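**Q** Provided herewith is a single structure, encoded as structure tokens, for subsequent inquiry.
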Amino acid sequence: MNNSENTSNNSPKHIKRKSHPFWRFFWLTFLVVSLWYAWYSFYAPSNNITWKDNLESAQKLAFNSDKNIMVFFTTEWCSPCRIMKREVFADNEVTKAMDAKVVSLEINIDDPNSKALVKQYNIGATPTTIFIDPKGEVIDYAVGKVEKSKFLEMLLNI
């Protein structure tokens, strides 16, 4: 038996690696959890809130209906904004209270048409929720994600 025959049978090419069930389970679980989280983060259920998209129409409606205005500053990429839409604004109790108390205005701060409003209210982060009177004077505000109970408290105190 020569040396070349002996090494060919023991070479790494012929060794079959066995996959461990733990790692297979780990990566499959990681993939499923990651996909679920991505879906959950981007999903925002529909609600019955009628969002205005400019201050002038919101002010006109607020004057005519004797309501204040809730301005929700957001962006397309803002995860806490999507969470608020899903967990706060989609809630029936919140929706009813908003319909009774405020005109809802949603402003995307990345929109070039919203730059003056962003500057006027000094918006530096999203989400930012501001309650204003029909003249534009600030009544109350919150920067960051607001939980349902805190939002209802703010809404009922304006």
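Numbers run from 1 along the shown chain.
Glycine is treated like the rest: Cβ placed from N, Cα and C.
Keep in mind it's a predicted model, so treat the numbers as computed, not measured.
Annotations for this protein, taken from TrEMBL, read as follows:
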type: TRANSMEM; residues: 21-40; note: transmembrane segment
type: DOMAIN; residues: 33-158; note: domain 'Thioredoxin'
**Q** When secondary structure is assigned with DSSP, how many helix, strand and coil residues does the domain 'Thioredoxin' (33-158) contain?
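**A** Once the DSSP states are binned, the domain 'Thioredoxin' (33-158) shows 60 helix, 27 strand, 39 coil.
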**Q** Looking only at the domain 'Thioredoxin' (33-158), what is the mean pLDDT?
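**A** Here the predicted model's pLDDT, averaged over the domain 'Thioredoxin' (33-158), is 91.
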